[in-house]
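Take a look at the structure below.
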Amino acid sequence: MAGQSRKWMILVATIWIQAFTGTNFDFSTYSSDLKSVLGISQVQLNYLAVASDLGKVFGWSSGLALLYFPLWTVLFAAAIMGFVGYGVQWLVITHVISLPYILVFLCCLLAGLSICWFNTVCFVLCIRNFPANRSLALSLTVSFNGVSAALYTLAYNAINPISTQLYLLLNALVPLIVSFAALIPILRQPPLEPLPPDGVRRDSFMFLLLNILAVLNGVYLLLFGSKTSGVASARLLFGGSILLLILPLCLPGLVYARNWYLHKVHSSFRLEGSGFNLVDVDELEIHKGMVTREASFDGYQLLNDDVVRTPITPAQKSFIEDDNNRSCCSKLITRNQLGMLGEEHPLFLLLRRSDFWLYYIAYFCGGTIGLVYSNNLGQIAQSLGQSSETTTLVTLYSSFSFFGRLLSATPDYIRAKFYFARTGWLAVALFPTTVALFLLASSGSLSALQAGTALIGLSSGFIFAAAVSITSELFGPNSVGVNHNILITNIPIGSLVYGFLAALVYESHSTARSKTGSVICMGRDCYFLTFVWWGCLSVIGLASSVVLFLRTRRAYQRFEQDRIASSMFYS
């Protein structure tokens with residue numbers, strides 16, 4: 001039982017790490033000052049944002065480090081990289097030291113790499129300690145990465161709300177402090193043991209509680225994340241946000257209390273058929289013979305040759321044939337179609353898959369645009385004469401990104417009542433980005449800017465969190481580490497291309513120069529064409545996601561039919 005409580009302590013530690021290491025989301029709060037101090041153009045500023053995203057290209061290095069070093073050393077290596085990367089930038093922006101542009105670029109690259117290393121540590125911790133509920137643990141912890149900007153804004157308002165350089169100092173120090181706080185539970189990891197059926201029910205209940213607490217966190221930060229009424233009230237609000245992050249520490253106590261209650265007080269009652277069970281007990285029993293201990297370490301297999309296959313009835317066969325006859329683009333949908341979920345795809349096979357490239361384009365023209373938008377949020381607000389609203393907009397994007405990440409677990413929660421392929425949810429999630437970009441192009445008002453920012457944050461947050469599970473389901477759970485890193489190479493590419501496009505449009509409509517010589521653009525024209533181009537590209541991403549859904553829905557349906565039939569067979 002102590003081991004069960006320790007794994008929840010580890011989950012809380014990963015929540016803390018994720019909550020304070022999404023430091024790339026607050027770039028826009030200090031980007032204007034960095035641009036002014038360095039005396040650089042908008043294009044050069046975009047390259048600094050790209051440098052942070054380039055860290056994802058080298059994200060594989062964290063997995064390599066884990067092969068030779070303990071987990072805690074990788075954690076502190078990430079903290080030190082962030083401390084140096086952001087700390088040097090803070091020294092530059094406060095005029096303590098002066099560095100050439102290329103060294104500042106390398107500092108941004110190092111800071112971005114630290115975020116990837118933090119994420120790898122959190123992914124490994126979730127997979128090791130929650131093999132049966134891996135997707136839920138990942139979506140929950142990754143969700144908190146989206147609130148980093150809102151938390152740093154609260155800390156900024158509580159300490160010194162007139163110095164945006166403070167963000168860089170906090171980005172350097174806070175992850176290092178949190179790494180020390182998370183060290184004890186990480187060093188005391190419990191031994192890996194298979195969960196009994198009642199353990200699956202208990203974990204489902206605990207994840208429900210954690211998601212309720214997460215929603216409370218998100219609502220709190222959305223309502224109070226950018227309040228600047230006074231330092232005293234800001235400190236009080238920041239203390240409230242920290243308290244909400246500490247509340248999950250009660251979970252280990254709940255584990256003990258619930259176990260004592262069930263065995264000593266309420267032993268004559270049993271809860272059957274809980275609507276909150278994310279992994280049904282019967283389904284778990286079916287999969288016990290399919291999953292080896294090594295596979296459990298990497299995540300449970302979605303499908304296996306040992307699964308009891310459902311014989312196709314004449315009605316189902318007729319439905320499939322009719323479905324093929326109705327398709328107006330049958331060749332596009334059926335050619336090299338994915339046969340089943342969970343099939344392992346090595347690199348050479350992955351790159352030959354049409355499904356992968358459709359997925360790549362959907363991510364490239366969806367979530368990546370949302371990330372580039374957040375990087376440009378400071379200049380967008382300035383061009384519309386809303387510089388004073390920058391921190392509010394950053395908090396808005398951060399909070400709705402958090403809610404989007406939480407919503408990525410929706411398919412797992414409602415699977416028993418309503419089943420829809422996860423690739424279909426991806427297509428639904430891409431739609432708000434398209435709406436938001438054309439809304440921003442059509443209006444330059446503050447309300448349109450706020451609504452567009454919220455929609456893009458919600459959409460990109462869902463995509464970022466759901467992508468790991470989708471990659472695992474489509475191309476194999478054992479290959480997800482390599483395959484997902486290949487997928488997210490679109491982020492630095494998109495950051496470079498989209499950011500460069502935005503910078504060119506911005507500079508072509510520039511109206512003034514600052515004292516340091518950097519270009520300043522004012523008016524709707526600064527980003528109008530950018531929003532139109534981004535909106536058109538997001539339509540391409542939406543179309544790709546729809547085609548991906550049509551190509552993969554049969555594999556998802558087959559898996560769900562097999563799961564239900566197998567469950568009925570063994571019940």
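Don't overthink the numbers, they just go from 1 along the chain as shown.
Cβ atoms are placed via backbone N, Cα and C, with glycine included.
TrEMBL: automatically predicted annotations, no manual curation.
What TrEMBL records for this protein:
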SIGNAL    1-25  signal peptide
DOMAIN    7-252  domain 'Nodulin-like'
TRANSMEM  74-93  transmembrane segment
TRANSMEM  99-125  transmembrane segment
TRANSMEM  137-159  transmembrane segment
TRANSMEM  165-184  transmembrane segment
TRANSMEM  205-224  transmembrane segment
TRANSMEM  236-257  transmembrane segment
DOMAIN    343-556  domain 'NFD4 C-terminal'
TRANSMEM  356-374  transmembrane segment
TRANSMEM  426-448  transmembrane segment
TRANSMEM  454-475  transmembrane segment
TRANSMEM  487-506  transmembrane segment
TRANSMEM  526-550  transmembrane segment
Which of 74-93, 426-448, 487-506, 526-550 contacts the transmembrane segment (99-125) most, counting Cβ pairs under 8 Å:
74-93
Answer with yes or no whether the transmembrane segment (454-475) touches the transmembrane segment (526-550) by the criterion of at least three Cβ pairs under 8 A, sequence separation 6 or more.
no
Do the transmembrane segment (165-184) and the transmembrane segment (74-93) come together with 3 or more C-beta pairs under 8 Å, pairs six or more apart in sequence?
yes
Range from 137-159, 426-448, 487-506 with the greatest count of C-beta pairs under 8 A to the transmembrane segment (356-374):
487-506
PLDDT averaged over every residue in the domain 'Nodulin-like' (7-252):
84
